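Participant: I'd like to ask some things about the structure below.
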């Protein structure tokens, strides 16, 4: 790498302060927006300190009009000894003090027709090593194709403001990351996901060398994005969240539901809990770095259920979720999706 490339890949002089300010502002904007959307619920804030260095503020909304439970966290942690999960991915960071900051959010609505949603944007530094990561994904229980397309469109547009190739990789990467291997299904309908973005190399930096995201990244070739590009990406994607989710709530919040729909929602929430406890790297990182357990596990649903050997009734609305919406799809280009959803009144 040339010296000019080295310079291009250096973080901004005030990188840590700017990254912290960005995620704090995202937390504030999202919480204010969600309180307005809910109309009744209010976030309660609890600040905490990490003995080894740093801390954060956790905000939780319970028993609102729309949201059964939701949390929006901010954390800024630092230390001298890197957790194993980081060293295994970036061994060159070993021996350096480190800094990490981010905001994360999970919302569990009451109405089964309103999807659960997750967001996370973060920044990490350790000596010469730095990167941005983040994304947002939607987990419906009674999905609609129009809702799915709207969510994806908002996040694609945000990525496109930086580079029109980003979404080509980040969308399949999301499908790959939020995948329950033991269930052979995605957690939901996806969105975007990216990690270890330091402005160099291929866009895909995940673990599945033979997957779709990796294949597309190889076709695109090496990318040269700088710190400012990636900072702007996190900002654009973070600010795309409320416009991507609020219209879905407005369309679905007054739909009536029965015990049957509620039971299915709780059953599918069990899948959400399984992913977060078994596969999620953020959970693993937080526990390995002695983060605040209550905040780390805030993403878990307030209620969930498991049922041995459950199978949805054939051709039912529940079967549509497991047959179509828990598998990676090309939501915009595959026209067969419209016909299948129309049959189940799941188009709009």
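Backbone N, Cα and C define each Cβ position, glycine as well.
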Participant: Of the ranges 236-271, 272-307, which one does Swiss-Prot list as region 'Important for dimerization'?
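Facilitator: The listed stretch tagged region 'Important for dimerization' in Swiss-Prot is 272-307.
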Participant: Measure from the Cα of residue 182 (divalent metal cation binding site) to the Cα of every one of the recorded positions 104, 118, 120, 122, then give the nearest.
Facilitator: 118
Participant: Roughly how many Å separate the Cα of residue 104 (substrate binding site) from that of residue 118 (active site, proton donor), to the nearest whole number?
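Facilitator: Distance (Cα to Cα, whole Å): 8 Å.
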Participant: Out of 108, 182, which of the binding-site residues has the smallest number of neighbouring Cβ atoms within 10 Å?
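Facilitator: Across 108, 182, these binding-site residues, the one with fewest Cβ atoms within 10 Å is 182.
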Participant: Could you give me three numbers for the region 'Important for dimerization' (272-307), the DSSP helix, strand and coil residue counts?
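Facilitator: Counting residues per DSSP class in the region 'Important for dimerization' (272-307), I get 22 helix, 0 strand, 14 coil.
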Participant: Quick one: what's DSSP say for residue 152 (divalent metal cation binding site), helix, strand or coil?
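Facilitator: Where residue 152 (divalent metal cation binding site) sits, the three-state DSSP reduction gives helix.
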